[in-house]
Amino acid sequence: MSGIKTRCLVRGSINVDEFFHVKEVVRPGETIASTQFERRGGGKGANQAAAVARAGGSVALVGAVGEDGRWHRDDLEKFGVSVDQVSVVQTEPTGRAIIQLTPAGENCIILYKGANFALTESPADIQARLTGITHLLLQNEIPWDTTVAYLIQAHKQGTVTVFNPSPMPSDEQLHGFPWASLSWLLVNEVEIADLLNALEGKHVADIQDPLSNIRKLSTHPRFSPAVNVVCTLGASGVLMHMPSIPEPIKVPAAKLQGTVRDTTGAGDCFTGYLVAELMRAHERGASAQLSREELVNVVKRCAQAAGMCVEKRGAMESIPAREEVEKRLLEV
């Protein structure tokens, strides 16, 4: 062990997800009854922070909720997330996702940013928050300027930076993104195609060919050749590109022991576990570049965690603890 103590900071969204179970998605002018209502904690920032904690990483979340979201803040703390920097604002309610969900799995979602856009931070605030942080995790559910400011400052301080561009930024934002400040990019097969098309300025990516897309992206002149790219493919596994390894690596999806019940939190679970594994590698002194074998083992563990996640309902509630993942890996 190198004796290095790692700590992750997640600057991201905190939402309340409200699910209305309906027979069919409502049509314009129609009023329907829902058969069931559920309220759960959500938001990509909150979900991913919880996953880092469940995977054994030390993690703090920076974000905001309204007075109506104090329970969500408390739940995050119970998951092991430091919430000292989660503000409770008076001017906005907590961010919302209003979700209509049919028995067939079809959904219709309305998002409201709420308190996620109510937090004001100066460059000095950002620098102070990043002090002592070894890993920064970002998504795209908070103001874009804030995301970019955190990324640039973290890179200046030598922090490992991880970005999950979901929902996908605009073409203009992607063109101006400081890719050279990024260490790891996490996308799915749709996002990598959209990203490649945006950087190219025309449709060049085939969503059915993620291997070609990851190769093209890694060598694109608008992209940084130093970025490690991880592309999740759902039931088809995971593709990875590392600058130190000539060809992309593919890892199969985890084998499930149960049926798929809810895929909502799988991506966030995978992302949080990956960051926790990078932190663990950093503590071993392997932070510069993982070997091919190390990377494959890391991604297998993350894929197993995500696979276990889909066997349960909910996003945050379905994230397995690291001990559960290790046990499952021994069984398969």
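Just so it is clear, glycine is given a Cβ too, placed from its N, Cα and C backbone atoms.
Going by what TrEMBL states, the ATP site holds THR232, LEU233, GLY234, ALA235, SER236, GLY237, GLY267, ASP268, and the candidate of ASN116, ASN140, ASN188 recorded there is ASN188. Among the candidates GLU141, GLU189, the residue that TrEMBL annotates alongside ASN15, VAL16, ASP17, GLY43, LYS44, GLY45, ALA46, ASN47, ASP268 as binding substrate is GLU141. Summary for the binding-site residues GLY237, GLY314: the Cβ-based neighbour count within 10 Å is maximal at GLY314. Burial estimate for the binding-site residues (LYS44, LYS312): highest at LYS44, by number of other CB atoms within 10 Å. One residue stands out among the binding-site residues ALA46, ALA235 for having the most other Cβ atoms within 10 Å of its Cβ: ALA46. Calculated from their C-alpha atoms, the gap between THR264 (K(+) binding site) and LYS44 (substrate binding site) amounts to 11 Å. The shortest Cα-Cα distance between LEU233 (ATP binding site) and any of the binding-site residues ASN15, ASP17, SER318 is the one to SER318. In this entry, ATP is bound by ASN188, THR232, LEU233, GLY234, ALA235, SER236, GLY237, GLY267, ASP268, whose most widely separated C-alpha atoms sit 17 angstrom apart.
Cβ neighbours within 10 Å of LEU233 (ATP binding site), excluding its own Cβ and spanning all shown chains: 17.
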